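K.L.:
Provided herewith is a single structure, encoded as structure tokens, for subsequent inquiry.
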Amino acid sequence: MASAACTARLAVLLLLLASAIAQQNVTCPAGFTGPSCALCQTAAACSASTGDAAATCSSDLAFNGGTQLKSFACSLPADGLLGSLLEPGSLLIQCSPSAANCSIGFGVASPPVAVKCAATDCSFVAGQSSLTCASTECSCPADATCGNNSLIASLAGSVSGQASLDCNTTGGCVLKMEGLPVDQIDATCQAAQCITPGESGQAPAQAASPPASPKPRPPPRPSPPAAPSAEVSGDGTCAVGWEGNGCALCKSNFACMTGENGGVGNTAASCSRNLTFASNSQLKSYSCELKGGGLVADLIQPGTLLVQCHTGLQAGQELGGNASASASPAPAPEAAPGPSAEPESPPPPPVPAASPSPPPSPQVTIPGAIQEIIGAVGGGAAAPPAAAPAPGAEDGMGARRRALLQTSEERRCEIGFRVKNPDVAIKCVATGCIMNPGTSKVQCEKTACSCPDTPGCGSTTIQGLIGSATGQAKLDCDAAGTCAIILQGLPISQLDATCQAGECLVPTTSSLNTTEVTSGTSLNTNPIIAAVPLMVLLLVTLAAGTYTYSQRSMWGYRISPGDLAQLEALAAKPQLASRRVGVLTFDNLTVSVPQRPKEAAKKAEALRRKAMQSQAAARQGRALGGEQCSGTLSRIISSARTKLHVPAAFGGSGSGDVERAGSGGSSHMERAASAEDAGAADFVVGLHQLPAHPDRWHILRGCSGSVHGGQVVGLLGPSGCGKTTLLGSIAGSAAELGSGTTLTGSVLVDGARRRKSEVAYVPQSDVLIPSLTVQECLRYSALLRLPQDTSPLDLQVHVERVLDELGLRHIADNQVGGAGGIRGVSGGERRRVTIGMELVIDPSILVLDEPTSGLDSYTADNLMHALKAVAARGRVVVASLHQPSRDVFHSLDQVVLMGHGRMLYMGAPSDAEAWFERRGLPCPPGTAIAEHMLKVASDAAAIRHLLQTLELEGATGPHGSPQPPKHSSSRTSLLATAAVGGGGGNVGGGDSDEGEHEGGKLGSSLLDRSPFEGAAAGVSLAPGLSKQPSSGCGSELAAPLASPGGGGGAAPRGRRKAAFGRQLSVMFWRSFVDIVRNPALLVLHSVVALVMGLMTGLVFLDSDLTNTGVQNRMGGTFFALAFLAFTSLTTVDLLINERQVVTREVRGGYYEPTAYLLAKLTLDAMLLRVLPAIWYFLTFYYLAGFQTGAAYAAAYCFILITFSCVVGAMSMCITVVSNTAGQASFAMNFTLLFSLVFTGFLVNVNSIPAWCRWIHYLSIFYYAFEAMITNELSGLVFTFQATGSAEIPNVLGSVFLETLGFKPNQTTTDIGVLVGIYFLMVLLALGLFFLRLPRQRTPAVPWWRRKAAGEAPAPAAAAKDAKLT
């Protein structure tokens, strides 16, 4: 339906340009000849056409005093330039001396096109056949391109000056038109005109005096559409006392008193010609004439536009027959005659009977373009005359009008007019009208048009005109009678007309009341709806700022004199400054991950091959070392011998047997070595994969041990041995392991399950906010992780103590740096800041993952001294070390050696060398013991040898394996062991749930338990290790790891997470400080927005109200959206650069992901999306000449801001789910470009194939662009200009919008959808961010393991394996 309406409206717009010259023979009626049958031949023809029997036909070439319309039919010489160009016999000149204008029309032979020239300000000389016109303008009314002929188009466009015509008595004429390529046009012309007796002898320049005899009757006027009006006589003239279009205007009070010819039949009636409504108005008529030059002025027949408004009031008496008087007449409230009303007069003499109506004129077939040329001159005299309405009886139309006045109660207006071509009467009824007494303004809510009982009503043009006028109707007149008629839905904004008003006022029982009238205006809610996202952002920013200000003492507390007493009391109890730990015990920690059988087989094969290659490389290195080859040369020689199959030595013929014997011995030794390597490789594979569970890969197996408070324990081992997994299991941060991980075992602190608040985990990487200072990093960590009720003084004491404890006092106010172009502190100091952020919560256990990696030996040694100082306060410090130096190694209290997920050694560093030597793995001279231990843990054969030796040293049980000790049911039995030397801790454990043989020749107990088990049999495990049996098995063997923040036993001091308000406040403060201290991005956004807004404003400077202005408005709006959309890509770097920081802090329980992203979304939107959009709007909007109304400008600005916020939130969504900045940028660019295609600017949405047209509903550009452009164009009126065509004024902006596929009434809907998309994007970003961030869930153990340990099965949800993401 929308497409049909657009087509109909375009047909209406181009009605005057749509006719083509018909190539056909013209058959003129009898008595007429010449082009368009414009020349009369007989008096009878003039009588028939004018309706006056006395009319005569004159063929005189000269103008006389009574000439109203003279036609010249001319022919040109065929051999001339214009004679060969024009259609023979098509040149027609028609002049109207009274209107002082002429029309020159002709047809071009090829291509067939009509050209019309309008000459104005013409002067005529009576008695001569000459004329001169001041200006001339030519066009092709039926074809704007003039048949796509550049010669004709240039010919028509070049004529712009004077025009003159001079003929002699023989018909030889000279036509001159300035601008033509010839000086004059020689032609032979014939002239003709119809003259009525009233026209004879009257000078054209003088006003006609009233005739003494009966008034001459003008040519019949087409009747208006069926509407209540006075009767019209058969010859088309109005009855006495009536005038105007449709004879609807009264001229005297007597005309209203009589019941004839439209009178109301009331002696108290009076005629009012006021333009304003009276308080007792019942039916007011406006007879209007449209101003020339417009589309509708050329479309509507002159003298046919009539507006009649019914107020709904009724007369106060019952009206009877003809001229019945009222029983008790009362004067009308407004009985004074109007300005143009005639005074009271006696009844006039009877009107003579109407003469018989003339027979209808024969139908004439005339080409449409020439007919328009002829009809545009002299009010359409050359057009076929319209049929006069049939005379009505005395009680016909007037009686119907009186009945309507008595029964009508609805306020309505009727607008009637006739269209020229086709000749159709149209009637529009506007209902729900508002009329105020004392004003001439009318406003109606709804309009319905029709063309009842009129041939030609079915044409596309008429149907489009009728169907489009469905909105409001308005009439507004000033005191001079200049009126604006508005019919919403028409392709033009208003009809400018000059109107006269008239009405008959009669007494009424009621009057028009101004209190019943409403303004009809409503609040424009579009700016309010569009500003919703901005208001929400301002509300969140204000709430966070207010909370931050209320807590300002937390951000920079200054100690006051009143705090000295409290500080002195705190200093008197230094033992309470830190939490102390008696013993940390971890028992039977086992970690496994699911593996598909094929993947497990590939992984096992890869591990076996790696172990064999390592063994072969070590053996070849030892052999080449015996041959005294250098390292590099040894590898080259060994590789060459292997590839060339060359024996190790060459000799002469006499030594061949020796060589063969040597070769045979070497092959035997190589085969034996290969078998040994294969056995060792199978052994280490069996440490990870159990035959009973081939679908799981064990990362840790049966790791048990205990550490006392005040000790620093170092975990050594090659890469992939399980150090980080063991640290994460102890710290409760096993989220490093990934999804599907199963973690079993227990971690106890002083006999109770350890709590998350007691452990601080420091990851390997130092990821901090570079722009913050050292003290600010410690402070925001304390604010987020200390209890909510911590006082500002206590918080300051925590920060100050950590600064002193880690030696960071001298750099407390230095920026951390390390990224973003900020140098900051050194690498070692940055590592200590990371540790300090964990120490600020005063944990009992500090777990660090390779804290010395990347540091030089001096810095690493200083860091270890700092960790020793931390442990000296009663804490346990456990750290993994990659390649510790000698000093770092010997500064440890205990060393744990890991190999393939097993603990190979745990004891004092000083006892390690002797311990390995006693077990057949001595440390070579000149090799550091730490390096030797790493080599042992990397050698599969050494691992197998060590475990086999420990097996032989232990007490043997079934299958020759150590017997697992029996465990007490009490948890306190875990503390029964005590160190007897060297400061070493007890280790113990085992995995009692595996009973099958695995791993080659060794029993399952050897592979499942710590190698140090067997102390129950009195076997010495290591110097300083306990001789007592460990109690880490039994009921605690398969117990699940304690839930973070929960579990059995009460912690010495609990810790609650900061409230969401504080989290949001801290995130706001941190993000704001980071943006302010790195203002480059903020300044760049603002400056670029200002510059681009200024440049685009100058490019689209002062867009006018033509179709060019429409194009400029659409192009400027499209560029504004594209500019703001692509600048949103800066969000990618902001999130990617902080991803590691956020991941670490969310895992550490600093804050909720929602708090971080909400703060980021708000500040990013306010500083990087809203501000640039405002700067761009202020510099672009007013320079481009857009609407300056407050509602329009506010709606445009807020839609632009909302769109910028939408693309910013969308960029965050895409960045959250992307792994790298490159992926996020590519995905965002693709999304924006794809959305741009469906904006509606590059392609008309209605022209997109139906199967993919729905995609435009997914485009955020579509909603923003349609909302902004409809907001801008809907309230404007444009002039349509096309090269070579007449301009069309008063074209509504909605017509352009609908033509381009937009919906003018969808502005509010589009804004609402855009606002909804913003909040949807925010929720989507929060959800995706929450899902993407690693989180730690409560570890669980399968129910069958707890059942085997004697525990009751847990609920089904807890019976599943722990899913650590």
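The backbone N, Cα and C atoms fix where each Cβ goes, and this holds for glycine too.
All TrEMBL annotations are machine predictions without curation.
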K.L.:
Kindly point out the range from 651-670, 811-830 that TrEMBL annotates with region 'Disordered'.
P.N.:
651-670
K.L.:
Would you mind telling me which of 498-527, 978-1007 TrEMBL tags as region 'Disordered'?
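P.N.:
My reading of TrEMBL: the region 'Disordered' range is 978-1007.
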K.L.:
Mind looking up the mean pLDDT for the domain 'ABC transporter' (685-925) in the predicted model?
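P.N.:
Residues in the domain 'ABC transporter' (685-925) carry a mean pLDDT of 87 in this prediction.
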K.L.:
Considering pairs 6 or more residues apart, do the transmembrane segment (1113-1136) and the transmembrane segment (1226-1245) have at least three CB pairs under 8 Å?
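P.N.:
These two stretches do touch.
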K.L.:
Against which stretches of its own chain does the transmembrane segment (1311-1331) lie, if we need a Cβ under 8 Å and a gap of at least six residues from its ends?
P.N.:
526, 529-530, 532-533, 1153-1154, 1156-1158, 1161, 1195, 1199, 1202-1203, 1205-1206, 1209-1210, 1212-1213, 1216-1217, 1260, 1263-1264, 1267
